Amino acid sequence: ADCRYTCHQECRSLIQLDCRRPGQCQSQLSPESTLLPPCSQNVTQTVEEEKPKPPTIQEIKQRIEKYNAKVRNCLLMKLNDDGTYTGFIKVHLKLCRPVTVPAGIRPQSIYDALKEVNLANMTDKRTSFYLPLDAIKQLHISSTTTVSEVIQGLLKKFMVVDNPQKFALFKEMRKDGQVLFQKLPLTEYPLYLQLLAGPDTDVLSFVLKENETGEVEWDAFSIPELQNFLMILDKEEKDKIQQVQRKYERFKQRLQQTLKEARGKPG
């Protein structure tokens, strides 16, 4: 109102002006000097032009050859005639919460895998347990395989019946001695990221973790799952209490022993 400062409406919350001296404001600022050009289609066009172009088949072929030259474990990438390619990625499982699996189901056999038999559908009984921390699963996927399909494939291999939306795939990178995690969108292609980074897992690796979106969405869990969580938390609480009790019991014994030895000494 005083200095006639003009800005985009979406930028209004970012603007901070010192208007305690309106007279000075009006003398130093003019509408012409502060007027910003309105948003137009040119901005959108510029962003679209900056998007990287999809690589050609020849570029993909060169990248695959460069990638395979660095491979030391025979897990090579293979280029298909239609321009797609296949290869391997390793996914680390770093799940802090228990998962839900069918109870009383035998392990999946090669026959089941070839016939795509879903053993999880053979029983309604469910149980929860913790997957081994930092277990590693190797997947053979295509360049058209998305993050969403990788998550679903991992859950199927471990017969996990939880909602896939409870999980997220992260890429793990190491830079300057630090480990960095970045959540991948469901439409991203992990094999293409692996191709760009190379086979060295210190440069890039993939991690399956809980889909942390702030507060836990308990509505996404079923009643049996919630009951299993309560049982697990109750057991963990009792174990923690016993650990604390044992710790201070040992401390008490050492303290009593020290006092007993001190009483027998002069002074």
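Glycine too: its Cβ is placed from the backbone N, Cα and C atoms.
It should be emphasised that the depicted structure is a prediction, and the values quoted were computed from it without experimental measurement.
Ranges compared are 10-37, 234-261, and TrEMBL records coiled coil for 234-261. Per DSSP, the domain 'Ras-associating' (127-213) is made up of 22 helix, 32 strand, 33 coil.
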